[in-house]
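The structure appears right after this line, and notes come after that.
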Amino acid sequence: MQTVRMTTAQALVKFLNQQYVEFDGKQQKFIKGIFTIFGHGNVVGLGQALEEDAGELEVYQGRNEQGMANAAMAFAKQKHRKQIMACTSSVGPGSANMITSAATASANNIPVLLLPGDVFATRQSDPVLQQIEQTHDLSISTNDAFRAVSKYWDRINRPEQLMTAMIQAMRVLTNPADTGAVTICLPQDVQGEAWDFPDYFFQKRVHRIERRLPTKASLADAVEMIKRKKKPVMICGGGVRYAEAAEELKQFAETFHIPFGETQAGKSAIESSHPYNLGGIGVTGNIAANTIAKEADLVIGIGTRFTDFTTASKQLFQNEEVEFLNINISEFHANKLDALKVIADAKEALLVLIDELQVMDYRSSYTVEIADAKEAWETELSRLHNIRFTGQDFTPEVEGHFDGNLNEYVDALGSQLTQTAVIGQINTLLDEDAIIVGAAGSLPGDLQRMWASRKPNTYHMEYGYSCMGYEVAGALGAKLAEPSKEVYAMVGDGSYQMLHSELVTSLQENKKINVLLFDNSGFGCINNLQMGNGMGSFGTEFRYRNQETRKLDGTIMKIDFAASAAGYGVKTYHVTSLEQLQEALIDAKKQTVSTLIDIKVLPKTMTNGYESWWHVGIAEVSKSQRVQAAYESKVSNLQQARSY
C-alpha cells in the first residue's frame with residue numbers, strides 16, 4: 001500500500017479535487033470551489049493547504065459567513081444539485097454564522113459542504129479564543145449546533161477519521177433523496193496534524209446519481225388510481241427541475257389533459273405560457289391554480305414536499321373524494337397526506353405512467369375549466385399590472401390597514417409607485433433568459449403569482465426556509481453558476497438590511513449582479529399578517545421612536561439605499577416612477593459592474609390572497625375584539641382542513 005504524508009487539511013483539499021458526479025452519462029467535477037473567511041481557527045490549517053495546492057478548486061473570499069454559504073447554496077440550486085461549493089470559516093462566531101445557511105440548505109434539500117473550524121481536540125489551550133465552555137460537557141463546542149440543521153455531521157478529532165467522514169459526506173451530498181447541508185467540523189490543531197494517508201483515498205471517485213425506477217406494484221396502483229379520477233391536478237415541485245423532468249411533465253399534461261400548478265421551487269421548470277400551466281398554487285398561488293385545486297379529485301404531487309404554503313395549511317383541496325398520489329425520490333416526502341407512494345425519479349415515473357395510461361386511452365373530464373381559469377387569471381394579472389395610486393380615493397390591494405395614511409408614505413418615499421405595477425414592468429423589460437432570485441417578504445407571493453417565466457430555470461426562489469438576506473448572496477451564487485446570464489436579486493428593504501455583504505464579493509469577482517430593491521419602509525409582509533389577524537401595526541413599520549409616546553410610532557424613516565451601495569462601487573439608480581424604472585432597467589443591462597435600483601413603492605400595494613388560507617398561531621384569548629374574531633375565523637378554517 002502506497003501512502004502520502006499530508007496534513008489533515010492538505011488531504012481534505014486533495015480529496016475534494018477528486019470528486020466527480022455522473023448524471024445521465026454526463027460526468028463533471030462535483031466541487032467547483034470553496035468560499036473562505038479566514039480566522040485563527042482555519043487560516044494556518046485549511047488556509048495553508050489551499051495556499052500550497054488548491055488543485056482545481058476556485059477559492060473565493062466571502063464577506064459574511066452566512067452570506068457566502070447562502071451563495072454556495074444558490075450555486076448548487078441553480079446547478080440542479082449536480083455541482084456544489086464548499087465553505088470554510090473560523091471557530092466560534094464565524095462558524096455560528098453559517099448555521100442559518102445550513103438550515104436553509106437542508107430545508108431545501110440543496111447540497112452544501114460546510115467546513116467550520118473548531119476548538120482544539122487536545123484541549124491543551126482550553127479555553128481558546130472564541131470557545132464556549134459548557135460545564136456539563138467539555139466536548140461541546142459552537143459547532144454542535146450544526147447537528148440540528150445538517151443532513152450529515154461529523155467532527156475530525158484524529159487525522160485518520162477524515163477518510164470515513166468524507167466518504168459519508170459525499171454519500172449524502174450526492175444522494176438526491178437525502179441531500180442538504182453536510183458539516184465536517186475541523187479542530188484547528190487537527191487541521192495541521194500529519195498522517196500517512198493511503199493513496200487509494202485520493203483516487204478519482206465518480207458518484208453516479210441514479211434515476212430510481214418505480215416498482216411494478218406502486219406503478220400499477222398509481223395507474224388504477226388515476227384512471228378512476230375525472231379531475232386530477234398535478235403539482236410541479238422542485239424535484240421536476242432537479243430531475244430534469246420538465247419535458248415529461250409537459251407530455252403527461254398534454255396527453256391526458258391534466259393541468260398543473262407550480263410550487264416556488266418548481267416554478268419555471270416549464271414556461272408560464274404553457275396551456276396546462278396554471279401558475280403558482282397555495283397560499284401564494286393565483287386564482288387559476290387554487291380554483292382548480294379546490295375541485296380536484298386527485299392531487300398528483302411530483303417532487304414536492306407539500307409545505308403549508310403549497311397546501312394552504314392542508315385546507316386547499318376541498319373535494320370530498322380527493323386523494324393524493326405522490327411521486328418523489330424521497331420516501332419521507334412521498335409518505336405525506338396519506339398518499340399513494342411512487343418512490344422514484346420524477347422523469348422515469350412519468351415516462352412509465354405515460355406508457356401505461358396511453359394503453360387505457362385515459363383522459364381527464366375537464367372541458368373548458370382549464371382555459372377559463374387561465375383566462376380569469378390573465379384578466380386579473382392585467383388589472384394588477386395597471387394599478388396606479390390615485391390619491392384619497394385609492395383602495396390598496398391589502399385594504400383596511402393603511403388606507404388613511406398612505407399619503408404619509410407618498411410624502412416620505414417621494415413615490416406613488418404600486419408594487420404590482422413595478423413587477424409587471426420589470427417582467428416585461430428583463431431578457432427572457434434572465435434569472436430572478438428571491439426568498440422572503442411579500443415579493444415571493446407576488447412573484448409566484450405574477451411572474452411569467454418565459455424560459456426554463458430562470459425563477460430561483462428560496463422558499464423552503466424563506467431566509468431573509470438570501471437574495472443578494474443568492475444572486476451571486478446563481479451568477480457563478482450561469483455567468484453568461486443577467487441575474488436579478490428581487491429583495492425588499494427589510495431583507496436587504498439584514499444581509500447584502502456579498503454584493504462586495506460580486507464586485508471583487510467581476511460577477512455582475514443586479515439588485516432590484518423594493519423599499520416600502522417596513523417589514524410589509526408581516527405587517528399584513530399581524531393587521532390581517534386583528535392586531536394593530538406593531539414593530540413592523542420603519543419609524544423613528546416617538547419621544548412623547550416612547551414607541552416606534554414616529555415619522556417614517558427615509559433611507560437612501562442607492563447612495564449607500566454607490567459607496568461600494570455599485571452602479572445605482574433612484575426610482576420613483578415607472579418612466580425612471582424603465583430607464584434604469586435598460587441602462588443597467590449596459591453596465592459591466594453590479595447595479596442596484598432603489599425602487600420606492602407604497603406599502604399595501606402587493607398582491608393579496610386568492611382562495612387560500614394560512615394557519616398561524618393567533619391568540620385564543622385577547623382584549624381585542626378583532627383578535628378574537630380572527631381566532632374564531634381560524635377555528636372555522638381548521639374545521640375545513642385535514643388534521644395531518
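We number each residue from 1, going along the chain as drawn.
Backbone N, Cα and C define each Cβ position, glycine as well.
Quick look at what Swiss-Prot annotates:
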BINDING   GLU65  thiamine diphosphate binding site
BINDING   ASP493, ASN520  Mg(2+) binding site
REGION    442-522  region 'Thiamine pyrophosphate binding'
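Shown here: features listed in Swiss-Prot, placed on the structure.
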residue	record	DSSP (3 states)
GLU65	thiamine diphosphate binding site	helix
ASP493	Mg(2+) binding site	helix
ASN520	Mg(2+) binding site	coil
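Cα separation, GLU65 (thiamine diphosphate binding site) to ASN520 (Mg(2+) binding site), rounded: 28 Å. The Cβ of ASN520 (Mg(2+) binding site) lies under 8 Å from the Cβ of TYR409, LEU413, GLN419, GLY492, ASP493, LYS600, VAL601, LEU602, PRO603, each of these being in the same chain and 6 or more residues away along the sequence. Look at the binding-site residues GLU65, ASP493 and count other Cβ atoms within 10 Å of each Cβ; ASP493 has the fewest.
Taken together, the residues in the region 'Thiamine pyrophosphate binding' (442-522) have a mean pLDDT of 98 on the 0 to 100 scale.
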